[in-house]
Amino acid sequence: MSFPVAPKDLPTFMCPRRPTQPKPTFTALRHRMDAPSYNPYPGDQAELTNNLRLDRCQKMPTNGHHPIQLGSIGSIGDLSLRYNNNNDFYGNGTPVGNLAVGGLGSISPENNDGGGGLLADLLYSLSKSTISASPSPPTIEHGRTTNCGCEDRLSYRCQECNELLCENCMQAHYKVRVTKEHTIKHITMQGSLPSPGDSPDSRSSLAQSPPPMAMGIPVAPQSLIAANNPNSTLIKKTEKELEMVASMSKCIDQRNALINADIHHMFDTINEHLVKRKEILLAQANQVGQAKLNALNIQADSLRLRLRILNGSPPTPSSISPTTAAPVISRPLPPMPCEDDDIRFTASELPALINSIDMLGHVASSGCAGLTMASGDGLKRGIRGRLATFTVRVVDHLGEPRRSGRDLISAIVTDKTARMSHADVQDQGDGSYLVSWMPRREGVHEISVTLRGRSIRQSPFHPMVRVDHVPLTYTLNKRNVLKVRDSSDYFQVGKPYVIIGQEGDGQGQFCRPWGVACDKEGRIVVADRSNNRVQVFEADGTFRHMFGEHGPGPGHFDRPAGVAVDAQGRIIVADKDNHRIQIFTFEGVFLLKFGEKGTKPGQFNYPWDVATDADSRIVVSDTRNHRVQLFDRNGNFLSKYGFESSSNMWKHFDSPRGVCWGPNRSVIVTDFNNHRLVVIEPSFSNARFIGGEGSNPNQFLRPQGVAVDEEGHIIVADSRNNRVQIFEQNGSFLCKFGTSGNQPGELDRPSGLCLSPSGKIVVVDFGNNRIQVF
C-alpha cells in the first residue's frame, strides 16, 4: 500500500463534521481505549488489516471541525486500529508486524454506514502524512487472535488457544487442568507487547529495549526462563520446599524463644520463692538472736545493780528498772548467763534440694541425624535370599538417647546393578528402629539410612552379600527320611522334626515339664517338673532313662525346673522348691549339691534355671531373690548380679527365669515379669536390655527359656505369645515361629529350650506336656 505524501507546510486536514454523529478527537478515543474499564467490542469478526508505518505526524488545530491529532500518537512503529459500525475505535491488542499495540486495534475498510465519517477522516489525514507500508509480516498468521484482557504486558502466546497472555495469566494457564499441557511461547524476540496504560514513549522504545545484562552477558528474563525451562515444575516444587524450610526455621526460632521464656519464668519464680524463704530465715535468726540479747542485757543490768549494792553504793534511779526493782540481795542467783549461743540453722533438705535442682526441668528434642547410629550384622554382611536386619538408635541434639518413637527413619538399599529398594523400618517405640532388608543379589550393596532426609552417622553402609556356603545338617527321622536344613537358617523352621511325649507319669510322658538340655551327642535331657524326675532321650526321641523322685534328700527333687549338661557330661539340675542345685553323672548318679533357702550369697529363693560354659562354671537364676548368681564347677560362689538390696528391686529385675551363656562370656536372662531380656556383662556389674512388653516382634509376654547358638543368635521362648523369637547378637529381631494350639508346630506356653549340636531348636511345649524339635 502507498499513499501520497503531504507537503511539509500543510499543517492540518479538516473534514466536514457529520451533524448526526459528532466525532471525538483521536486523543480522546485513545484515552478512552486506554482506560481500565475499556472492553473490546464483543462482536467483532476477522477483518482485513492494513499495516501502516507512521514516519511523521503533525498536529491539526480544531476550528469547528473534528481533527485527528496524529501528533499524539508519535512514531510507534506498526499501528493497528479497528473501526466498527458505531464509528467507535476499540482495541484488542492484536500483534501486527513487529509490534502489537494493546488498546488500539487495526484500521479496516469495513462498511461504516455509507463510508466517510471518522474512518475517512483518519485515512485522508494519513494520506497527507508520510506513510509507508510496513515491511514486517504479521507475527500471528493463524487466524483471529484474542488476548487475556489484563492490563499487564502481553508477553506470551498459547499456540493451542491462539491467545496472548500476560505473566500472571501464563502461570494460571499452567495451573488449569484443561490448559496445563498447552505450549506457550515467549514473543518478546521481536519486541515486547505494551500494556494499555503505557505511554507513547515507552511503547516506541520497547522494540529497541536491550536485553537485561549480567556481567556483560545478556540474560533472558526470568519469566522466559520459567516458561521455556523443561524443569519448571521441579523449579516450582523446589521453590515451595525452600519456602517450607524457611518457614520451619522461623517456627524453630519462635519455639526456642517460647522455651527460653518458660525457662526464665520457672527460674524467676524459683528465685522469688528462694528470696522470700531467705528473708524469712534471716528474720527468724535475727528474732531469736535479738531475744537472747535482750535477756542477757536485762541480766547484766541486774548484775550491775547487785554489784553496786554489794559495794555499798546506793542505786541510782537510772539503774533501777521494773525488772530490777525487787530486792536483789536475797534473790537467788539465776544460771549464768541466762541465755546461751544455741542458734541453729539446719539445711537438712539441701542435698535433696540440690539434687532436685540438678534434675529440675528437661530439654528434649527430636532425633539428630548427625548423632544417630545404626548397628547390627545387616550393615556388614548378608546372605542372598535371607532376611538381614540391623537396629537404628536415635539420639537427640543433646546427645541423649530418644525414649519415644515416631522419628522419620528411612533406609534405601542399592545393589550392584543400581537397583534401589526400600528396607522395612519398624518403630520399637523406645527410640530404636528395627530395619530389615532382603538381599537378592551377590556383591557389595549400599544402604543409605536417613533421619528426616539427612544421613545418619557413618551412612551409607556397604554390606557384602554372598551365597550361603554353611554346611548343611543331615538327620534321619523315624521313617529314615533324610532331612536337610542349614544349621542356622531359622527362616526354614516349619513343622517339627520330632515330637516327644504326652501328659502322664509313665516313661516318655510328662506333667508340666520346664527345662531341657542337650549333650554333645544330641541326647535330650528334660526336667519333668510335676513328676519330680529327670528324663533322658536319644536325639530321635527314643526314651533312654530317667532318675529322681520327690523328697528333700540327695538325688530327690521338689519340682525341678532348669537342667544343663556341662563340658564334663554332668547333668546339673535346679531343684527349685528345695532351693538348691544338684549335680549328677549323665546316668543319674548323685555327685554333689549346694545352696539352701536364704538371701545371702550362695543361698537361693526358688532357683529356676541353670546354664554352664566351657569351663563348667554354673550360672543360676535366683528367681525370688531377683538376681543371678555365678558359681564355679564345684558350687563355690563367685559373683552375682541383681538388686536384692533395693526396696523396689522388682522394677529392675523381676523374677528372672531362663538363663544362658552368651557371646564373650556374657550372661543372658529372661526378665519374666518385666517382659524383656537382660544381657549381663562378664563383670556382672552392668547390663543392657532387649525388648519390652507386647506381642509385636521384639516384644514379649512372660519370656521363659533362652539359648544362644554359635553365631550369637538369641533364641527366646516367648511363653504367653505362644511362639519362639530369634534375634541377632545385638538384639535386632530376626524371625519368629509358632502359634497357639496343640497341633504339630503349634505351642502352648513354651518354657525351656535349647539347641542341639546339629543346630535344631528343642522346645518344651509346657501346656501340651511334650517336647518339639524344630
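Note: Cβ is positioned from N, Cα and C throughout, glycine not excepted.
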### Task
Out of 137-162, 189-214, let me know the one TrEMBL marks region 'Disordered'.
189-214
### Query
According to TrEMBL, which of these ranges is region 'Disordered': 54-73, 314-333, 594-613?
314-333
## Note on the structure
Here the stretch out of 364-465, 499-540, 547-587, 591-634 with the most C-beta pairs under 8 Å to the repeat 'NHL' (687-730) is 364-465
## Note on the structure
Summed over the repeat 'NHL' (650-683), the DSSP helix, strand and coil counts are 8 helix, 16 strand, 10 coil
## Note on the structure
Taking every residue in the domain 'B box-type' (151-187), the average pLDDT works out to 75
### Summary
Counting only residues at least 6 beyond its ends, the same-chain positions whose CB falls under 8 A of a CB in the repeat 'NHL' (591-634) are 515, 554, 561-568, 570, 572-577, 579-585, 640-644, 649-650, 652-661, 665, 667, 669, 672, 680, 684, 705, 752
### Task
Take the repeat 'NHL' (687-730) and count its residues per DSSP category (helix H/G/I, strand E/B, coil), listing them in that order.
3 helix, 24 strand, 17 coil
### Message
Just to be sure I understand, if DSSP states are collapsed into helix, strand and coil, how many residues of the repeat 'NHL' (591-634) fall in each?
### Response
0 helix, 22 strand, 22 coil
### Query
Under an 8 Å Cβ to Cβ limit, what residues of the same chain, 6 or more beyond the ends of the repeat 'NHL' (547-587), are close to it?
514-520, 525-530, 532-534, 536, 593-598, 603-612, 614-616, 618, 620-621, 631, 633, 635, 658-659, 752
